[in-house]
Amino acid sequence: MKEAELNRDMARYCTDNQCVSLQPQGLGPKSAALMAPRTLRHVQVILALMVVTVIFSLLALFVVASQPWRPEWNKEPPSLLLRGSNNSGHDNHSQFVRETEMQVAIQRLRDYEENSSSCHKEVQILKYQMDNVSSLVQLLGSHLEDVNADILQTKDVLKESGALALETQALRSSLEVASADIHSLRGDLEKANAMTSQTRGLLKSSTENTSAELHVLGRGLEEAQSEIQALRGSLQSANDLSSQTQGFLQHSMDNISAQIQTVRDGMERAGEKMNSLKKELETLTAQTQKANGHLEQTDAQIQGLKAELKSTSSLNSRIEVVNGQMKDASRELQTLRRDLSDVSALKSNVQMLQSNLQRAKTEMQTLKADLQATKALTAKIQGEQNRLGALQEAVAAQKQEQKTQNQVLQLIAQNWKYFNGNFYYFSRDKKPWREAEKFCTSQGAHLASVTSQEEQAFLVQTTSSGDHWIGLTDQGTEGIWRWVDGTPFNNAQSKGFWGKNQPDNWRHRNGEREDCVHVRQQWNDMACGSSYPWVCKKSTGWSAARVG
(Lines of atoms letter the chains of each structure in order from A and count residues from 1; the text may use other names and numbers.)
(Lines give C-alpha, C1' and ligand atoms only; values in the text may rest on other atoms or scores of the structure.)
Protein backbone atom coordinates (compact mmCIF):
# COMPACT_ATOMS: atom_id res chain seq x y z
CA MET A 1 0.00 0.00 0.00
CA LYS A 2 1.71 3.17 -1.20
CA GLU A 3 -0.55 5.90 0.14
CA ALA A 4 -3.21 6.40 2.81
CA GLU A 5 -4.97 9.71 3.33
CA LEU A 6 -7.59 10.42 6.01
CA ASN A 7 -9.89 13.37 6.57
CA ARG A 8 -13.30 13.92 8.12
CA ASP A 9 -15.36 13.05 5.05
CA MET A 10 -13.39 10.44 3.12
CA ALA A 11 -10.68 7.77 3.50
CA ARG A 12 -8.60 7.04 0.36
CA TYR A 13 -6.41 3.97 -0.02
CA CYS A 14 -4.09 3.41 -2.98
CA THR A 15 -2.03 0.39 -4.05
CA ASP A 16 0.14 -0.17 -7.13
CA ASN A 17 -2.74 -0.36 -9.54
CA GLN A 18 -5.93 0.90 -7.83
CA CYS A 19 -7.30 3.41 -5.32
CA VAL A 20 -10.37 3.02 -3.14
CA SER A 21 -12.18 5.91 -1.46
CA LEU A 22 -14.39 5.14 1.52
CA GLN A 23 -17.08 7.62 2.46
CA PRO A 24 -18.82 6.48 5.71
CA GLN A 25 -22.55 6.80 6.21
CA GLY A 26 -24.31 8.07 9.33
CA LEU A 27 -21.94 9.08 12.13
CA GLY A 28 -18.68 9.60 10.14
CA PRO A 29 -16.33 10.80 12.88
CA LYS A 30 -16.67 7.54 14.77
CA SER A 31 -15.29 5.51 11.88
CA ALA A 32 -12.12 7.65 11.85
CA ALA A 33 -11.82 7.43 15.61
CA LEU A 34 -10.60 3.82 15.50
CA MET A 35 -7.87 4.62 12.93
CA ALA A 36 -6.51 7.66 14.79
CA PRO A 37 -4.66 5.75 17.57
CA ARG A 38 -2.95 3.42 15.04
CA THR A 39 -1.82 6.36 12.86
CA LEU A 40 -0.49 8.18 15.91
CA ARG A 41 1.52 5.14 16.96
CA HIS A 42 2.99 4.75 13.45
CA VAL A 43 3.96 8.43 13.34
CA GLN A 44 5.56 8.24 16.78
CA VAL A 45 7.57 5.13 15.85
CA ILE A 46 8.81 6.67 12.56
CA LEU A 47 9.72 9.93 14.28
CA ALA A 48 11.62 8.06 17.02
CA LEU A 49 13.58 6.03 14.43
CA MET A 50 14.54 9.18 12.52
CA VAL A 51 15.67 10.96 15.67
CA VAL A 52 17.82 7.96 16.64
CA THR A 53 19.35 7.90 13.12
CA VAL A 54 20.22 11.60 13.30
CA ILE A 55 21.79 11.19 16.74
CA PHE A 56 24.00 8.28 15.63
CA SER A 57 25.05 10.18 12.49
CA LEU A 58 26.04 13.23 14.54
CA LEU A 59 27.98 11.02 16.96
CA ALA A 60 29.87 9.38 14.08
CA LEU A 61 30.70 12.78 12.57
CA PHE A 62 31.91 14.07 15.93
CA VAL A 63 34.12 11.03 16.50
CA VAL A 64 35.71 11.30 13.06
CA ALA A 65 36.26 15.06 13.35
CA SER A 66 37.73 14.82 16.85
CA GLN A 67 40.63 12.54 15.75
CA PRO A 68 43.46 14.79 14.29
CA TRP A 69 46.31 13.47 12.28
CA ARG A 70 49.24 12.40 14.45
CA PRO A 71 52.59 11.50 12.93
CA GLU A 72 53.91 8.23 14.21
CA TRP A 73 57.27 9.50 15.43
CA ASN A 74 57.82 6.48 17.57
CA LYS A 75 58.27 4.38 14.46
CA GLU A 76 61.76 4.87 13.20
CA PRO A 77 62.94 3.88 9.75
CA PRO A 78 65.11 0.81 9.51
CA SER A 79 68.13 2.92 8.71
CA LEU A 80 68.05 4.56 12.16
CA LEU A 81 68.62 1.18 13.81
CA LEU A 82 72.12 1.15 12.45
CA ARG A 83 72.97 4.48 14.13
CA GLY A 84 74.00 2.92 17.42
CA SER A 85 75.91 0.02 15.94
CA ASN A 86 77.94 1.94 13.45
CA ASN A 87 79.01 5.40 14.64
CA SER A 88 81.59 5.73 12.01
CA GLY A 89 78.99 5.69 9.22
CA HIS A 90 76.89 8.52 10.74
CA ASP A 91 77.97 11.15 8.29
CA ASN A 92 77.56 8.88 5.33
CA HIS A 93 74.03 7.93 6.18
CA SER A 94 72.60 11.25 7.51
CA GLN A 95 71.51 12.34 4.09
CA PHE A 96 69.77 9.02 3.51
CA VAL A 97 67.95 9.27 6.85
CA ARG A 98 66.65 12.75 6.10
CA GLU A 99 65.35 11.62 2.73
CA THR A 100 63.68 8.63 4.30
CA GLU A 101 61.98 10.77 6.95
CA MET A 102 60.83 13.19 4.28
CA GLN A 103 59.26 10.35 2.28
CA VAL A 104 57.51 9.03 5.38
CA ALA A 105 56.17 12.52 6.17
CA ILE A 106 54.95 12.97 2.59
CA GLN A 107 53.19 9.57 2.72
CA ARG A 108 51.50 10.52 5.99
CA LEU A 109 50.40 13.85 4.50
CA ARG A 110 48.88 11.99 1.57
CA ASP A 111 47.05 9.63 3.96
CA TYR A 112 45.78 12.61 5.95
CA GLU A 113 44.59 14.27 2.74
CA GLU A 114 42.73 11.10 1.72
CA ASN A 115 41.17 10.85 5.21
CA SER A 116 40.18 14.51 5.04
CA SER A 117 38.52 14.06 1.66
CA SER A 118 36.61 10.98 2.89
CA CYS A 119 35.54 12.88 6.03
CA HIS A 120 34.41 15.77 3.84
CA LYS A 121 32.33 13.35 1.78
CA GLU A 122 30.82 11.86 4.95
CA VAL A 123 30.03 15.36 6.19
CA GLN A 124 28.30 16.16 2.91
CA ILE A 125 26.32 12.91 3.12
CA LEU A 126 25.35 13.66 6.72
CA LYS A 127 24.27 17.18 5.77
CA TYR A 128 22.14 15.73 2.99
CA GLN A 129 20.67 13.22 5.43
CA MET A 130 20.04 16.04 7.92
CA ASP A 131 18.15 17.98 5.25
CA ASN A 132 16.08 14.90 4.45
CA VAL A 133 15.42 14.30 8.14
CA SER A 134 14.36 17.93 8.61
CA SER A 135 11.92 17.72 5.71
CA LEU A 136 10.60 14.43 7.05
CA VAL A 137 10.24 15.92 10.53
CA GLN A 138 8.29 18.84 9.08
CA LEU A 139 6.10 16.46 7.10
CA LEU A 140 5.54 14.32 10.18
CA GLY A 141 4.75 17.45 12.18
CA SER A 142 2.00 18.39 9.74
CA HIS A 143 0.66 14.81 9.83
CA LEU A 144 0.89 14.89 13.63
CA GLU A 145 -1.24 18.05 13.72
CA ASP A 146 -3.85 16.34 11.56
CA VAL A 147 -3.73 13.29 13.80
CA ASN A 148 -4.10 15.47 16.91
CA ALA A 149 -7.16 17.11 15.35
CA ASP A 150 -8.59 13.66 14.62
CA ILE A 151 -7.83 12.59 18.20
CA LEU A 152 -9.64 15.64 19.58
CA GLN A 153 -12.59 14.85 17.37
CA THR A 154 -12.47 11.22 18.54
CA LYS A 155 -12.44 12.35 22.17
CA ASP A 156 -15.54 14.47 21.52
CA VAL A 157 -17.24 11.48 19.95
CA LEU A 158 -16.27 9.31 22.93
CA LYS A 159 -17.67 11.94 25.31
CA GLU A 160 -20.92 11.95 23.36
CA SER A 161 -20.97 8.14 23.53
CA GLY A 162 -20.41 8.28 27.31
CA ALA A 163 -23.21 10.81 27.73
CA LEU A 164 -25.44 8.62 25.59
CA ALA A 165 -24.60 5.58 27.74
CA LEU A 166 -25.40 7.54 30.93
CA GLU A 167 -28.66 8.74 29.46
CA THR A 168 -29.52 5.17 28.42
CA GLN A 169 -28.76 3.92 31.96
CA ALA A 170 -30.89 6.69 33.47
CA LEU A 171 -33.75 5.81 31.13
CA ARG A 172 -33.48 2.15 32.12
CA SER A 173 -33.58 3.08 35.81
CA SER A 174 -36.59 5.36 35.21
CA LEU A 175 -38.27 2.56 33.28
CA GLU A 176 -37.73 0.09 36.13
CA VAL A 177 -39.03 2.58 38.73
CA ALA A 178 -42.03 3.40 36.55
CA SER A 179 -42.76 -0.32 36.06
CA ALA A 180 -42.66 -0.86 39.83
CA ASP A 181 -44.93 2.16 40.37
CA ILE A 182 -47.36 0.91 37.75
CA HIS A 183 -47.44 -2.53 39.37
CA SER A 184 -48.05 -0.96 42.81
CA LEU A 185 -50.76 1.35 41.44
CA ARG A 186 -52.48 -1.59 39.80
CA GLY A 187 -52.51 -3.43 43.12
CA ASP A 188 -53.86 -0.36 44.91
CA LEU A 189 -56.47 0.13 42.21
CA GLU A 190 -57.62 -3.48 42.55
CA LYS A 191 -57.82 -3.09 46.34
CA ALA A 192 -59.77 0.17 45.94
CA ASN A 193 -62.19 -1.51 43.52
CA ALA A 194 -62.70 -4.39 45.95
CA MET A 195 -63.18 -1.96 48.85
CA THR A 196 -65.61 0.11 46.78
CA SER A 197 -67.65 -2.96 45.88
CA GLN A 198 -67.69 -4.07 49.51
CA THR A 199 -68.67 -0.57 50.65
CA ARG A 200 -71.47 -0.42 48.12
CA GLY A 201 -72.81 -3.76 49.34
CA LEU A 202 -72.60 -2.68 52.94
CA LEU A 203 -74.28 0.65 52.19
CA LYS A 204 -77.02 -1.05 50.26
CA SER A 205 -77.71 -3.62 52.97
CA SER A 206 -77.40 -1.01 55.73
CA THR A 207 -79.77 1.34 53.91
CA GLU A 208 -82.31 -1.43 53.47
CA ASN A 209 -82.02 -2.48 57.12
CA THR A 210 -82.20 1.14 58.27
CA SER A 211 -85.30 1.79 56.19
CA ALA A 212 -86.99 -1.30 57.62
CA GLU A 213 -86.02 -0.40 61.17
CA LEU A 214 -87.16 3.20 60.70
CA HIS A 215 -90.46 1.92 59.37
CA VAL A 216 -90.86 -0.39 62.38
CA LEU A 217 -89.88 2.44 64.74
CA GLY A 218 -92.40 4.77 63.11
CA ARG A 219 -95.16 2.27 63.68
CA GLY A 220 -93.96 1.72 67.26
CA LEU A 221 -94.01 5.47 67.90
CA GLU A 222 -97.53 5.75 66.53
CA GLU A 223 -98.68 2.89 68.75
CA ALA A 224 -96.89 4.45 71.75
CA GLN A 225 -98.56 7.81 71.11
CA SER A 226 -101.98 6.17 70.91
CA GLU A 227 -101.28 4.26 74.12
CA ILE A 228 -100.11 7.46 75.82
CA GLN A 229 -103.33 9.16 74.77
CA ALA A 230 -105.24 6.25 76.25
CA LEU A 231 -103.18 6.54 79.41
CA ARG A 232 -103.95 10.22 79.57
CA GLY A 233 -107.65 9.43 79.36
CA SER A 234 -107.26 6.79 82.05
CA LEU A 235 -105.36 9.23 84.22
CA GLN A 236 -108.05 11.82 83.72
CA SER A 237 -110.63 9.27 84.82
CA ALA A 238 -108.46 8.34 87.78
CA ASN A 239 -108.18 12.00 88.71
CA ASP A 240 -111.93 12.33 88.55
CA LEU A 241 -112.36 9.27 90.75
CA SER A 242 -109.78 10.61 93.15
CA SER A 243 -111.61 13.91 93.40
CA GLN A 244 -114.87 12.00 94.08
CA THR A 245 -113.26 9.88 96.80
CA GLN A 246 -111.43 12.84 98.28
CA GLY A 247 -114.58 13.98 100.05
CA PHE A 248 -115.10 10.55 101.63
CA LEU A 249 -111.48 10.22 102.69
CA GLN A 250 -110.96 13.82 103.78
CA HIS A 251 -109.67 12.96 107.24
CA SER A 252 -107.98 9.66 106.66
CA MET A 253 -106.72 9.94 103.08
CA ASP A 254 -104.70 13.21 103.14
CA ASN A 255 -101.55 11.40 102.24
CA ILE A 256 -103.34 9.46 99.50
CA SER A 257 -104.65 12.73 98.03
CA ALA A 258 -101.16 14.26 98.03
CA GLN A 259 -99.73 11.14 96.37
CA ILE A 260 -102.51 11.13 93.80
CA GLN A 261 -101.81 14.79 93.13
CA THR A 262 -98.13 13.94 92.69
CA VAL A 263 -99.10 11.16 90.29
CA ARG A 264 -101.33 13.61 88.42
CA ASP A 265 -98.53 16.14 88.17
CA GLY A 266 -96.06 13.45 87.04
CA MET A 267 -98.47 12.18 84.41
CA GLU A 268 -99.03 15.72 83.16
CA ARG A 269 -95.29 16.29 82.93
CA ALA A 270 -94.90 12.93 81.17
CA GLY A 271 -97.59 13.97 78.69
CA GLU A 272 -95.87 17.26 78.01
CA LYS A 273 -92.43 15.68 77.58
CA MET A 274 -93.53 12.89 75.27
CA ASN A 275 -93.15 15.28 72.33
CA SER A 276 -89.37 15.31 72.90
CA LEU A 277 -88.65 11.58 73.27
CA LYS A 278 -84.96 11.67 73.94
CA LYS A 279 -84.98 13.77 77.18
CA GLU A 280 -88.54 13.53 78.52
CA LEU A 281 -88.80 9.73 78.30
CA GLU A 282 -86.18 9.32 81.01
CA THR A 283 -87.99 11.84 83.29
CA LEU A 284 -91.32 10.19 82.54
CA THR A 285 -89.87 6.77 83.42
CA ALA A 286 -88.62 8.06 86.76
CA GLN A 287 -91.95 9.72 87.52
CA THR A 288 -93.78 6.60 86.47
CA GLN A 289 -91.67 4.47 88.77
CA LYS A 290 -92.32 6.98 91.55
CA ALA A 291 -96.03 6.87 90.76
CA ASN A 292 -95.88 3.07 90.87
CA GLY A 293 -94.41 3.29 94.35
CA HIS A 294 -97.07 5.69 95.47
CA LEU A 295 -99.73 3.53 93.88
CA GLU A 296 -98.42 0.48 95.70
CA GLN A 297 -98.52 2.42 98.96
CA THR A 298 -101.99 3.61 98.08
CA ASP A 299 -103.04 0.01 97.37
CA ALA A 300 -101.74 -1.09 100.76
CA GLN A 301 -103.53 1.71 102.51
CA ILE A 302 -106.69 0.96 100.57
CA GLN A 303 -106.41 -2.74 101.52
CA GLY A 304 -106.00 -1.69 105.17
CA LEU A 305 -109.03 0.55 105.04
CA LYS A 306 -111.15 -1.93 103.05
CA ALA A 307 -113.11 -2.88 106.11
CA GLU A 308 -113.83 0.66 106.98
CA LEU A 309 -114.36 1.91 103.49
CA LYS A 310 -116.59 -0.69 101.92
CA SER A 311 -118.13 2.04 99.94
CA THR A 312 -114.79 2.63 98.21
CA SER A 313 -114.40 -0.94 96.83
CA SER A 314 -115.17 0.19 93.34
CA LEU A 315 -112.51 2.86 93.61
CA ASN A 316 -109.92 0.29 94.70
CA SER A 317 -110.65 -1.91 91.70
CA ARG A 318 -110.28 1.05 89.38
CA ILE A 319 -107.04 2.06 91.05
CA GLU A 320 -105.74 -1.49 90.56
CA VAL A 321 -106.65 -1.23 86.88
CA VAL A 322 -104.85 2.09 86.63
CA ASN A 323 -101.88 0.56 88.42
CA GLY A 324 -101.73 -2.26 85.90
CA GLN A 325 -102.03 0.22 83.04
CA MET A 326 -99.22 2.30 84.52
CA LYS A 327 -97.01 -0.78 84.75
CA ASP A 328 -97.77 -1.56 81.13
CA ALA A 329 -96.93 2.03 80.22
CA SER A 330 -93.64 1.75 82.10
CA ARG A 331 -92.73 -1.40 80.20
CA GLU A 332 -93.63 0.23 76.90
CA LEU A 333 -91.55 3.26 77.81
CA GLN A 334 -88.59 1.02 78.54
CA THR A 335 -89.11 -0.63 75.16
CA LEU A 336 -89.31 2.78 73.48
CA ARG A 337 -86.10 3.84 75.22
CA ARG A 338 -84.29 0.77 73.90
CA ASP A 339 -85.72 1.40 70.45
CA LEU A 340 -84.53 5.01 70.59
CA SER A 341 -81.04 3.90 71.61
CA ASP A 342 -81.10 1.47 68.69
CA VAL A 343 -82.19 4.33 66.41
CA SER A 344 -79.31 6.48 67.68
CA ALA A 345 -76.88 3.63 67.05
CA LEU A 346 -78.31 3.20 63.56
CA LYS A 347 -77.98 6.92 62.92
CA SER A 348 -74.34 6.83 64.04
CA ASN A 349 -73.81 3.78 61.81
CA VAL A 350 -75.42 5.61 58.89
CA GLN A 351 -73.24 8.65 59.49
CA MET A 352 -70.16 6.45 59.70
CA LEU A 353 -71.14 4.68 56.48
CA GLN A 354 -71.74 8.03 54.80
CA SER A 355 -68.31 9.26 55.90
CA ASN A 356 -66.80 5.99 54.65
CA LEU A 357 -68.63 6.46 51.36
CA GLN A 358 -67.34 10.01 51.06
CA ARG A 359 -63.83 8.85 51.87
CA ALA A 360 -64.16 6.07 49.28
CA LYS A 361 -65.30 8.65 46.70
CA THR A 362 -62.30 10.83 47.56
CA GLU A 363 -59.98 7.84 47.24
CA MET A 364 -61.61 6.99 43.91
CA GLN A 365 -60.94 10.52 42.66
CA THR A 366 -57.35 10.25 43.85
CA LEU A 367 -56.96 6.87 42.17
CA LYS A 368 -58.42 8.26 38.96
CA ALA A 369 -55.93 11.12 39.06
CA ASP A 370 -53.13 8.63 39.78
CA LEU A 371 -54.36 6.48 36.92
CA GLN A 372 -54.25 9.46 34.54
CA ALA A 373 -50.76 10.30 35.75
CA THR A 374 -49.77 6.66 35.32
CA LYS A 375 -51.12 6.66 31.76
CA ALA A 376 -49.17 9.83 31.01
CA LEU A 377 -46.06 8.30 32.55
CA THR A 378 -46.63 5.12 30.55
CA ALA A 379 -46.91 7.15 27.34
CA LYS A 380 -43.72 9.00 28.25
CA ILE A 381 -41.94 5.73 29.01
CA GLN A 382 -43.17 4.31 25.70
CA GLY A 383 -41.76 7.36 23.93
CA GLU A 384 -38.44 6.95 25.72
CA GLN A 385 -38.44 3.25 24.83
CA ASN A 386 -39.04 4.13 21.18
CA ARG A 387 -36.23 6.66 21.32
CA LEU A 388 -33.96 4.13 23.00
CA GLY A 389 -34.86 1.57 20.33
CA ALA A 390 -34.00 4.08 17.61
CA LEU A 391 -30.67 4.79 19.30
CA GLN A 392 -29.94 1.08 19.57
CA GLU A 393 -30.76 0.62 15.90
CA ALA A 394 -28.47 3.53 15.02
CA VAL A 395 -25.67 2.03 17.13
CA ALA A 396 -26.21 -1.40 15.53
CA ALA A 397 -26.16 0.18 12.06
CA GLN A 398 -22.98 2.03 12.92
CA LYS A 399 -21.36 -1.17 14.21
CA GLN A 400 -22.39 -2.99 11.05
CA GLU A 401 -21.01 -0.15 8.94
CA GLN A 402 -17.73 -0.19 10.87
CA LYS A 403 -17.54 -3.97 10.48
CA THR A 404 -18.11 -3.65 6.73
CA GLN A 405 -15.45 -0.94 6.46
CA ASN A 406 -12.96 -3.14 8.31
CA GLN A 407 -13.77 -6.01 5.96
CA VAL A 408 -13.27 -3.73 2.96
CA LEU A 409 -9.92 -2.46 4.25
CA GLN A 410 -8.82 -5.99 5.03
CA LEU A 411 -9.74 -7.15 1.53
CA ILE A 412 -7.87 -4.21 -0.03
CA ALA A 413 -4.83 -5.01 2.11
CA GLN A 414 -5.01 -8.61 0.79
CA ASN A 415 -4.89 -7.38 -2.84
CA TRP A 416 -8.59 -7.76 -3.57
CA LYS A 417 -9.88 -5.39 -6.26
CA TYR A 418 -13.19 -3.59 -6.12
CA PHE A 419 -15.56 -3.26 -9.07
CA ASN A 420 -19.25 -2.38 -9.20
CA GLY A 421 -20.25 -3.58 -5.71
CA ASN A 422 -18.05 -6.71 -5.67
CA PHE A 423 -14.48 -7.60 -4.73
CA TYR A 424 -12.27 -9.75 -6.96
CA TYR A 425 -9.12 -11.66 -6.12
CA PHE A 426 -6.73 -12.45 -9.01
CA SER A 427 -4.34 -15.21 -7.97
CA ARG A 428 -0.73 -15.63 -9.03
CA ASP A 429 -0.56 -19.32 -8.20
CA LYS A 430 -1.97 -22.04 -10.42
CA LYS A 431 -4.45 -24.68 -9.34
CA PRO A 432 -6.99 -27.04 -10.95
CA TRP A 433 -10.50 -25.65 -11.19
CA ARG A 434 -11.83 -27.62 -8.19
CA GLU A 435 -8.89 -26.60 -5.95
CA ALA A 436 -9.31 -22.97 -7.02
CA GLU A 437 -13.00 -23.09 -6.02
CA LYS A 438 -12.02 -24.54 -2.61
CA PHE A 439 -9.64 -21.64 -2.08
CA CYS A 440 -12.34 -19.10 -2.96
CA THR A 441 -14.79 -20.84 -0.63
CA SER A 442 -12.25 -20.65 2.21
CA GLN A 443 -12.20 -16.87 1.67
CA GLY A 444 -16.00 -16.58 1.82
CA ALA A 445 -16.28 -16.26 -1.96
CA HIS A 446 -16.64 -18.32 -5.16
CA LEU A 447 -15.01 -18.44 -8.54
CA ALA A 448 -16.18 -15.35 -10.40
CA SER A 449 -19.48 -15.21 -12.25
CA VAL A 450 -20.04 -12.73 -15.11
CA THR A 451 -23.44 -11.06 -15.44
CA SER A 452 -22.78 -7.94 -17.55
CA GLN A 453 -20.69 -6.56 -20.37
CA GLU A 454 -18.94 -4.18 -17.96
CA GLU A 455 -17.92 -7.04 -15.67
CA GLN A 456 -16.62 -9.02 -18.66
CA ALA A 457 -14.55 -6.02 -19.77
CA PHE A 458 -13.15 -5.63 -16.25
CA LEU A 459 -12.08 -9.31 -16.12
CA VAL A 460 -10.60 -9.17 -19.61
CA GLN A 461 -8.60 -6.05 -18.75
CA THR A 462 -7.28 -7.50 -15.49
CA THR A 463 -6.50 -11.02 -16.81
CA SER A 464 -4.81 -9.89 -20.01
CA SER A 465 -1.52 -11.40 -18.81
CA GLY A 466 -2.82 -14.98 -18.83
CA ASP A 467 -5.72 -17.40 -18.61
CA HIS A 468 -7.71 -17.42 -15.33
CA TRP A 469 -10.36 -19.84 -14.11
CA ILE A 470 -13.88 -18.44 -13.63
CA GLY A 471 -16.86 -20.11 -11.95
CA LEU A 472 -18.62 -21.48 -15.09
CA THR A 473 -18.93 -25.28 -15.50
CA ASP A 474 -21.13 -27.98 -17.00
CA GLN A 475 -19.49 -30.81 -15.07
CA GLY A 476 -22.17 -33.41 -14.32
CA THR A 477 -24.72 -31.58 -16.50
CA GLU A 478 -23.13 -31.81 -19.92
CA GLY A 479 -24.18 -28.96 -22.17
CA ILE A 480 -26.05 -27.13 -19.36
CA TRP A 481 -23.73 -24.42 -18.08
CA ARG A 482 -24.10 -23.02 -14.57
CA TRP A 483 -22.29 -20.60 -12.27
CA VAL A 484 -20.83 -22.23 -9.18
CA ASP A 485 -22.02 -19.37 -6.92
CA GLY A 486 -25.67 -20.03 -7.87
CA THR A 487 -26.08 -17.02 -10.18
CA PRO A 488 -28.50 -17.88 -13.04
CA PHE A 489 -26.67 -18.40 -16.33
CA ASN A 490 -27.94 -16.18 -19.18
CA ASN A 491 -27.07 -18.09 -22.33
CA ALA A 492 -28.21 -15.35 -24.71
CA GLN A 493 -26.22 -12.63 -22.97
CA SER A 494 -23.12 -14.82 -22.69
CA LYS A 495 -22.86 -15.76 -26.37
CA GLY A 496 -20.67 -12.76 -27.11
CA PHE A 497 -18.25 -13.68 -24.33
CA TRP A 498 -17.16 -17.04 -25.86
CA GLY A 499 -14.22 -17.40 -28.15
CA LYS A 500 -14.62 -18.54 -31.74
CA ASN A 501 -16.11 -22.05 -32.02
CA GLN A 502 -16.33 -22.24 -28.21
CA PRO A 503 -17.29 -24.19 -26.22
CA ASP A 504 -16.11 -27.23 -28.18
CA ASN A 505 -15.84 -29.83 -25.36
CA TRP A 506 -12.52 -31.13 -26.73
CA ARG A 507 -11.45 -34.59 -25.58
CA HIS A 508 -7.85 -34.67 -24.31
CA ARG A 509 -5.43 -37.56 -24.63
CA ASN A 510 -6.24 -38.73 -21.13
CA GLY A 511 -9.91 -38.90 -22.07
CA GLU A 512 -10.91 -35.85 -19.99
CA ARG A 513 -13.50 -33.53 -21.46
CA GLU A 514 -13.47 -29.72 -21.22
CA ASP A 515 -16.14 -28.96 -18.58
CA CYS A 516 -14.69 -25.79 -16.97
CA VAL A 517 -14.11 -22.27 -18.31
CA HIS A 518 -11.16 -19.88 -18.15
CA VAL A 519 -10.88 -16.37 -19.54
CA ARG A 520 -8.19 -14.16 -21.02
CA GLN A 521 -9.75 -12.12 -23.79
CA GLN A 522 -12.74 -14.43 -24.23
CA TRP A 523 -14.14 -17.55 -22.65
CA ASN A 524 -12.78 -20.97 -23.46
CA ASP A 525 -13.76 -24.35 -22.07
CA MET A 526 -10.88 -26.39 -20.66
CA ALA A 527 -10.29 -29.63 -18.79
CA CYS A 528 -11.01 -29.02 -15.11
CA GLY A 529 -7.81 -30.81 -14.07
CA SER A 530 -5.58 -28.24 -15.78
CA SER A 531 -3.83 -25.72 -13.54
CA TYR A 532 -4.39 -21.99 -14.10
CA PRO A 533 -4.60 -18.86 -12.01
CA TRP A 534 -8.12 -18.05 -10.91
CA VAL A 535 -10.49 -15.19 -10.08
CA CYS A 536 -12.53 -15.16 -6.84
CA LYS A 537 -15.61 -12.95 -6.50
CA LYS A 538 -17.13 -11.74 -3.22
CA SER A 539 -20.27 -9.63 -2.95
CA THR A 540 -20.29 -7.26 0.05
CA GLY A 541 -23.16 -4.88 -0.67
CA TRP A 542 -20.87 -1.95 0.24
CA SER A 543 -22.30 0.96 -1.70
CA ALA A 544 -20.08 3.73 -0.29
CA ALA A 545 -16.84 2.45 -1.79
CA ARG A 546 -15.77 3.88 -5.11
CA VAL A 547 -12.93 2.91 -7.42
CA GLY A 548 -10.52 5.86 -7.91
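Each Cβ is built from the backbone N, Cα and C atoms, and glycine gets one as well.
What Swiss-Prot lists as topological domain 'Cytoplasmic' is 1-42. The annotation transmembrane segment is assigned in Swiss-Prot to 43-69 on the grounds of sequence analysis. Under the heading topological domain 'Extracellular', Swiss-Prot lists 70-548. Summarising the annotation, Swiss-Prot assigns N-linked glycosylation site to N86, N92, N115, N132, N209, N255 and lists sequence analysis as the type of evidence. The annotation domain 'C-type lectin' is assigned in Swiss-Prot to 438-538 on the grounds of sequence analysis. According to Swiss-Prot, the feature disulfide bond maps to C440-C536, C516-C528, an assignment based on sequence analysis.
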Which site among C440, C528 has the most other CB atoms no more than 10 Å from its CB, taking these as disulfide-bonded residues? C440
Integer Å value for the Cα distance linking C528 (disulfide bond) with C440 (disulfide bond) is 16
Within its own chain, what residues at least 6 apart in sequence put their Cβ under 8 Å from the Cβ of C536 (disulfide bond), listed in sequence order? Y424, Y425, S427, F439, C440, Q443, A445, H446, L447, A448
In terms of DSSP three-state secondary structure, what is the assignment for C516 (disulfide bond)? strand
Which whole-number value in Å describes the distance between the Cα atoms of N115 (N-linked glycosylation site) and N132 (N-linked glycosylation site)? 25
Tell me the Cβ neighbour count for C516 (disulfide bond), meaning other Cβ atoms within 10 Å of its Cβ, over all protein chains shown. 27
Measure the Cβ-based neighbour count of N115 (N-linked glycosylation site), defined as the other Cβ atoms within 10 Å of its Cβ. 13
Which residue counts does DSSP yield for the domain 'C-type lectin' (438-538) in the helix, strand and coil classes, in that order? 22 helix, 25 strand, 54 coil
Please report the DSSP secondary structure of N132 (N-linked glycosylation site), reduced to three states. helix
